[in-house]
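Peer 1: Would you mind keeping the following structure in view while I ask a few things?
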Amino acid sequence: MALVLVLAGGVGIIQVAFIINTIQKACPGLTKYPAVRQALRFIQVSPIAVMVASAIWFFFLVFLPVKVEYPYSSKEGLLLIILACYLWLNVTFNYFAAMLKSPGYPSTALEIEENGLSLENDSILCFKCDRMKSCDTHHCGTCGTCVTMMCHHCPFTNNCVGLKNYSYFYLFICYSNIGLIFSLYMTYDPFYHCMVYNGEQLSLLPWYPPNICRKLGDFAVIFIPVAFMAMFAAAMFLLQTLLLATDLSTIDLLTKMQRSRNFMQFGRMLLDRIVGHRKRRFQVMLLYSRERWWQFLVPSFNVPSRHLETVKLMV
């Protein structure tokens, strides 16, 4: 029963975001009410926020004392604590930054006029939100506005992923993958010895107390939902890395997939873009979003590099 509940909870965390996103698309009129919009946003992001918050609790109170005999005085214990806190801080910071930071919006016709500028003759305005359109700009039906260099609307952050917050989103995925691998390492031994062998081989371990499985109880099965989440996070990482390598957004990738006659043609198109296409989106949205390389390794806000000026933006 515990295994079923844990699996259902892990799958539910992923499904809630997609269900709310589907409701928003099916009933776009609901989002015009601020109270409804805020309520949907809270419901949509709360499962991920709860999961991130509970991860540190599980680490310190459940699995660290099982993994290390002297967790707060041994070198191994201190190393695990430092690594866990480092990964948790990066995951938490980049998640909330991707959720709260603006993805970047093109100027509206009114904003251009207020700045004393005039529209060029070949300028294209979105007929839905009256913002400037370019080849990298897409209109998000959920947010109701055009987004600069939009990749997609993320159901897990309830925010669009675009020029100004893509680096946070990608780093969130990267650190989530590392964190989930670390979680698999922390939860594997309790699952293997307490659930697979039902505590029969605990005598082979150097220090495990005989009643450790009874103390862990249902927590020993957490390895299973962590494994499923790790596979899902790995798929997200591979997809976003493919998009950067091919210089495509999620929207562009789906469009080209639909227009391809078969998977062979689609695969050749991807290979051609990986080998011979300039990685402009990678440069603008990720590489040059920070001034120094070490800023990608610590929680930090975007400070565009001076090299960004050399990259031509089509906005």
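Numbers run from 1 along the shown chain.
The backbone N, Cα and C atoms fix where each Cβ goes, and this holds for glycine too.
Per TrEMBL, the feature domain 'Palmitoyltransferase DHHC' maps to 125-254. The transmembrane segment annotation in TrEMBL covers 43-66, 78-97, 168-188, 219-239.
So that I understand the layout, could you describe where these features sit and how close they are to other parts?
Peer 2: Using DSSP to sort the residues of the domain 'Palmitoyltransferase DHHC' (125-254) gives these counts of helix, strand and coil: 74 helix, 15 strand, 41 coil.
Listed by sequence, the residues of this chain that lie at least six past the ends of the transmembrane segment (168-188) yet keep a Cβ under 8 A from its Cβ atoms are 55, 59, 63-64, 67, 80, 83-84, 87-88, 90-91, 94-95, 97-98, 101, 151, 154, 157, 161, 222-223, 226-227, 229-230, 233-234, 236-237, 240, 244, 286, 296, 302.
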Peer 1: Residues sitting near the transmembrane segment (78-97): Cβ under 8 Å, six or more positions beyond its termini, same chain?
Peer 2: 48-49, 52, 55-56, 59-60, 64, 67-68, 71-72, 157, 165, 168-169, 171-172, 175-176, 178-179, 182, 186, 298-299, 301
